[in-house]
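A.B. asks: Got a structure here, written out as structure tokens. Questions coming.
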Ligand code: DX5
Ligand code: ZN
């Protein structure tokens, strides 16, 4: 599997979002990560679903939408219609995660499930054959700029092992939170494929250098 870098626009300059998206695109971003937060499921608010429509107008790169909201099902269709390529729903945010995944897939886009640091992988194991991505939170969700939780490396490794044991489990493993030049290699070595990075990429002059650096560290660690 290939290495993909997904800048999280949560750390972009909101007043210059189009500029920041185009810059990251030309500097090697493989997809964009969009955090939707409601102030209930997580203790912070961010973008509303309309951000997806705006992002779709300024980039052709895949849009990876991370839903950190209660009652996610109500927003899945509008977000898919606005141009999302993948919608990721937290296992902890809905009583019927299988239904949410079915709904996303019925709209013809990729579906992913997200697990918080304290959520065991066993909670989502039955979804493995039907999902496209599993997002392992490597910080508690809600804010950019937090430190990577070291114990999550083992969790990624266990997930990769589980994936390898079943022929029909073809999902990509995504990591989100505290990804930088010190943590990316550990995650890649453990089996992650998609790396979300917010504060490490945005707010610095040398975004191209940082994306290239992250990619080569991950590629080397995967060998
Ligand atoms: C946190 C969000 C992340 C956030 C990551 O809840 O899901 O996508 O933007 O930010 P960094 O890379 O700064 O930890
Ligand atoms: Zn996220």
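Here the Cβ of each residue, glycine as well, is placed from N, Cα and C on the backbone.
Just so you know, TrEMBL annotations never went through curation; they're auto-generated.
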A.B. asks: Select one of 66, 189, 204: the residue that TrEMBL places in the divalent metal cation site alongside 33, 35, 176.
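C.D. replies: Same divalent metal cation site in TrEMBL: 66.
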A.B. asks: How big is the Cα-to-Cα gap, in Å, between residue 178 (substrate binding site) and residue 33 (divalent metal cation binding site)?
C.D. replies: 14
A.B. asks: Where among the binding-site residues 8, 199 do you find the Cβ with the fewest other Cβ atoms within 10 Å?
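C.D. replies: Looking at the binding-site residues 8, 199, the Cβ with the fewest others within 10 Å is that of 199.
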A.B. asks: Using DSSP reduced to three states, classify residue 178 (substrate binding site) as helix, strand or coil.
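C.D. replies: Reduced to three states, the DSSP call for residue 178 (substrate binding site) is coil.
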A.B. asks: In the same chain, outside 8, 66, 142, 143, 144, 145, 176, 177, 178, 198, 199, whose C-beta lies within 8 angstroms of the Cβ mean position for the substrate site?
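C.D. replies: So the additional residues around the site are 10, 11, 35, 139, 146, 196.
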A.B. asks: Any idea what the Cα distance is from residue 33 (divalent metal cation binding site) over to residue 199 (substrate binding site), rounded to a whole Å?
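C.D. replies: Here the two Cα atoms are 13 Å apart.
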A.B. asks: For the recorded positions 35, 66, 144, 176, 199, which residues place their CB under 6 A from an atom of ligand 2?
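C.D. replies: Result: 35, 66, 176.
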